[in-house]
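Feature annotations, reproduced from TrEMBL:
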type    : residues                                 : note
BINDING : C:128, C:151, C:153, C:155, C:243, C:245 : Mn(2+) binding site
């Protein structure tokens, strides 16, 4: 077999610097063996969105954006190079049968959860509809779940008007008896972005709701500490459902439902760092980014950064990665 | 009740010239009465597309683009001002159950067809999946259909891999026994845009296929005349299914599946003018425009122009409009 | 008259959720009857801008953006559903005679003010030139006005060089004897965005000027309280003239004159909430957004949000809405 | 005075190739002396447009695009390097008084025409409203004018509804007694782009109208020859008014009023080459390009190319340049 | 090793239809074995361009665009599925030493040519500077070359002003004694796009120049037949250097140097089909596409289509693929 | 010589207000005489960037953006109108020999420094590679330099892998013995944006590194004061190297390497104001803005504002401007 100098396979990085390792290189395709530590799986479903959404393109975009970052945290003086992030790949969606797509998200994540009890899977949406399946699978494999949902919206809409959409995942979980309202803490709920009917529903079912006003008055970190304490009273397994539209439009211009009055990105990063250190946190999803609407993939870039920061602090847990 | 000079209701045209009537003003919302002549109905379904598509936004975009044109044909020295185009509005799509959406397209168009036998309905997609429902409804209300399909693609894919999508409408019609292959003439089929398996399928089922090579060698008009003659031997009801991607990418930059080697817009306009005059032509759909990808709505603008030209020549038929 | 299930009139929302009411639905076209509470009127004039501006497109864009928000304030646990916002529509502009356009803005707003003394009209620009006409009409119908102008610029330019443009509204008001300088408080005036000559003019005429430096040192709320107190010493009728370019370019990317060093959106929202509660505030305009330059209508979105927040707190006034 | 090697003044070309001269370099600012040959003058007026237009930006854009071309015609094996194109600069527009702007266009072009009888001025719009002033000035200084108007539209609208706008220039010329209809030949008038009332007006006033259908049937060159012959029977001074929207949207994507069914660019270039050789042609305008809407300045690029081709063949006239 | 149903590796196609094979799948990474038939190699160099160019991104873009096409030619009723196109990958460019980059292009292509005498390599630029290295390597491994250059420009600029850039490749070949002018036929050279000095150079060195005027008068096919005959008198090895800017801006909107007056895409495709059948044609490059400027990758799409059509007709040669 | 009223030379401002002077007018082309005070020089080099960059376009963009600002600081009640900013123009870059380009930056800036000891030159990149040449020239003409580098990245990469690129300037300075590490203070270095190897290098060479974490904990002003004090212990000549990517992506969307977690623009402006007052600060560069990627030139606008603020406070120094 011949080799020819200076010929790189299609798709390889065009330039390599010996001193820079890309966070994207941490992603290792799943080999079929048991996985430990942080892993990702794409759930590229956005036909379930009430409004037009290209969020199914996000898993590939976040993977690409991980190549914008290196593996080295100067703040922690720690290099992630020895830590893999397993990439389970993307769950295959059905072209026209969206309920089949949702079933597949559940079955694949349940299979992953069952086979890889030491893995902390970050599910990459897709829209927020994927969380219903993801959280159900999480609880079935980890035990009773406590959810911290970052979101401008309740996502507690009724399922009769439009079926199980990106507006309904937490309603589905409650109505299907998967969770009770006390298992759910919502953070960042925003003015004029929700219906009163669904606030009533949240109250009736004991969902904890922290509005953006609460966040501004109390600080995100303080609310998170309180939320973790509260959820740990009834569960040891916390799941983060991160709808990126919890952020202000200035910081997440690529969410389908952008608007003013939201969180800034520094606060969110700090919040995720805190949660990554918390041993009870065992799963996460990141949803509601539409790369076709974003500016220079800013929002996917931030999501990639959050995954890396999460990995950094997760790996620092006792027995972390 | 007060009135205040120079106050216009929100949504009214900001400026009116006494000598210019806009083609968009020909659109009259359906009153509930029986309709004659050209009418439009929106079928805003594109979640059924194999690739991401915003084609569900097209009915509203085409309506808006009709305001870019006037009602007066200088070539024919004819003003359409006295001709209404009834606007049946848009068929309501289900958020997550796409088969329900397809059923509704069929049932609504069947209701329209049954109640308005003198109407010539132009269905505005949406993606090409809407044609399966639209043509079935057409035949059920008009009698045996002959189809002239302008398209770069067969749209004869199998329905097992992805269900009834924008790649399968004519396969569905054949497999469900709605039509036999001889009822279908395809024009503009393009190199390296289709699978051999589906060409074999077309041949086996007696579908007539005219490639872009055929169009270039024979001229579009000549092929259309031949096609009309052929279809009229077995039916009196011709339906035009116009997939805008039959056009070259230079002329239809807003189709999801753009490419070189296609038709130019002048030829297509001339072809539609011919078909509009042909009494056997009684229905049409226009599909596969994605306004989120287009340049200055060029492709929807062309679609609007085609509807107006169709109306002009249709109204000139004996007993036309 | 027939009806056909699942057929929606063109322009209707494609999907309706029983638990979500859109703030856009609060807008009710003026019926001709007397109006109370918050109302909007479009003044789509931007040909008067010194630089090219598409700000005449903003009234329609803000209306559309109101459909991005719901009617429910979770922070106040209050639903605006029972409150209408009357939409007077848009004032008809002359194609070529801009002085006629300005006269019409004055006469229409004066008619509205005279006939609807209990209405609080929010005039939607257009560029800042509309404020000269709007404030004159306000004072003629309400009595002596005190103005709180949010702006990066004085807008006190001479009218000889270019006539009554978007750089001159407050100069016109002073020079035409409509107001004296003490009736005007300017907030957010920015470095290197104005001429010394016009600062001198402001000082000579007793205009109160709070720069962005003042805002950062004192806080916006504190300055607003001080300004309201000051203006109330000589008037009971405060008018807010909100030039969106008071905001930093990161928060209002769609203003014609963007730049660094401005206000953040959270502070502005808080400021407007405060003013909405203040009984002396009886009119407002929102100007200088160019939707053709904006990113995803962020700036119009923020303007819509400001109108809704204004309505919320206005309606909470004694005898509010 | 010092000099420093490799320091280029701001604005100079960053790279110079000894073998390439840019057509943009042919533009020489008017020195105050008498001018012969082709010259340009900018009339940056587009506030007079019925729809929002950035056409006032076109003179500067066309100048910039002339730097995309060299001075050498390989087809004619002729280098324009020795021919200057005098650049008179831009006429100063009033910010708010559009009638003053129109007067200035007339007075400046009249001054130029009077002082420079051997110059052939190409006026760069701006919108089509500038032609009324330009043609009036042309006739006042050259004598009775014959006009060849390339256009999709009559531009014969009434002036009562919106004043003297971009829809009215030829109506103004006729109504103000500047020309009679027989002095005007319109070429490229398009279906569904005009009102019947104005076709009637054209007929009543003896305007010659060649539609796009005529162009397609007869060929542009043939129609131009016929038109020149016809106009020369009553005048020796032909003026070309080139509204770029005579072109199909595929070839002129940057016109405010784009649409299908228009001319291709090769035909237009050939037509202009023919007219440039015709000794009776003594003035031109190029209007209705909006650089803010164009794709990569394609339309201004074509306009620049047309000016260069015009200069090439003009300079070949006996006593040309 | 476990497997999980419905899990696809990152980067796999999200949907597979059993009846559609993508032309992109024909690309097979070079295995190290000897290669026969059509192959591609990327030369991602565009820092050598006189103007800013992102043409180094084109090899990856063309590969991606090959997934927009299928493997089946309906016009020839031939499926390319059994034909591989070997993908040698991309030549590694130096970050700052552009002459090293050019040397590597030469050495890699020479290695490929030497080791794979039965391969027909299509080099994907990059800018036109890559052709100097590519043609030198071609001749060194194949024997005396005859070049058919499709181009709006001579690319015969002097190398003293800016070094070996995208304006100089054919000058370099002549000056370095690699070829003499009679080995070069240029087709599509355009008005006002070149310097007279370089036309003189072409004439002095016996380069054959066919302008766009020649193409329009004679037809492209006829000129190509003549050119092939002429070149075959002195060589058996013809190399096609396809600068995409030979096309009109309406058909190749993504070339750095767009302009009017060029070739249409149908003619170019037909020309390439003819050349692919010609046994003396043994190499090609495709250059000067900047994906950052293109519209929806139209120009790269066309390039991909040209590669596929070339492969189709190449494979039909006696002993073809 | 004639004059014609209302005729403005091409390129002149279309409108002039007697009360507004544009900061862009402060720029005066270098006359050849000795220069005092703030001056600018463009170093339009970005082919040296590791990733594709249009940063060579920035000098012209920043100059244009200076016309967005006036000359009057309301905060300081000071008008810069009497202060010129000398514009030395742009250094001519070689098309293909990037090392020659870098040499020219050095030689030109050295010539300027030698001839104009009272000038404070702001070098406008270009990418960060220009700083190696600029700082070397600065030290050679001013004496031992202390550097304050605002940056998300060390820019201390090895020069073997890619030569002297935008990732290596400070490494080059150290390795070439121009500076020792203690002369360099880096501020704003960001997580996951650098390699551990280069952090080790920084430590080994005594470079002072303040991360974004440090900035957030201590405040930028405090760190700057500390850094100035530290550097002044060994030098009287401080040079600011401002890589705009020190800013968060929300505030500098036009940097090639955008990301979250960076500085806000208000803090940076305040920091520059402080440094401008510091007598030891005698030179600056501003690098890494790519206008082809920016949104509405926000980032160049901010750079222009920073130059103006720098000029304001610089001119207030004893013997300032």
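From the backbone N, Cα and C atoms, a Cβ is placed for every residue, glycine too.
Everything TrEMBL records as a feature, shown here on the structure.
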{"residue": "C:128", "record": "Mn(2+) binding site", "DSSP (3 states)": "coil"}
{"residue": "C:151", "record": "Mn(2+) binding site", "DSSP (3 states)": "coil"}
{"residue": "C:243", "record": "Mn(2+) binding site", "DSSP (3 states)": "strand"}
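When the binding-site residues C:151, C:155, C:243, C:245 are compared by the number of other CB atoms within 10 angstroms of each CB, C:151 has the fewest.
Of all Cβ atoms in the shown protein chains, 26 besides its own fall within 10 Å of the Cβ of residue C:153 (Mn(2+) binding site). In this view, residue C:128 (Mn(2+) binding site) is surrounded by 31 other Cβ atoms within 10 Å of its Cβ, with every protein chain counted. In sequence order, C:149, C:152, C:154, C:166, C:246, C:257, C:287, C:288 are the same-chain residues whose CB sits within 8 A of the CB centroid of C:128, C:151, C:153, C:155, C:243, C:245, the residues recorded for Mn(2+) being left out.
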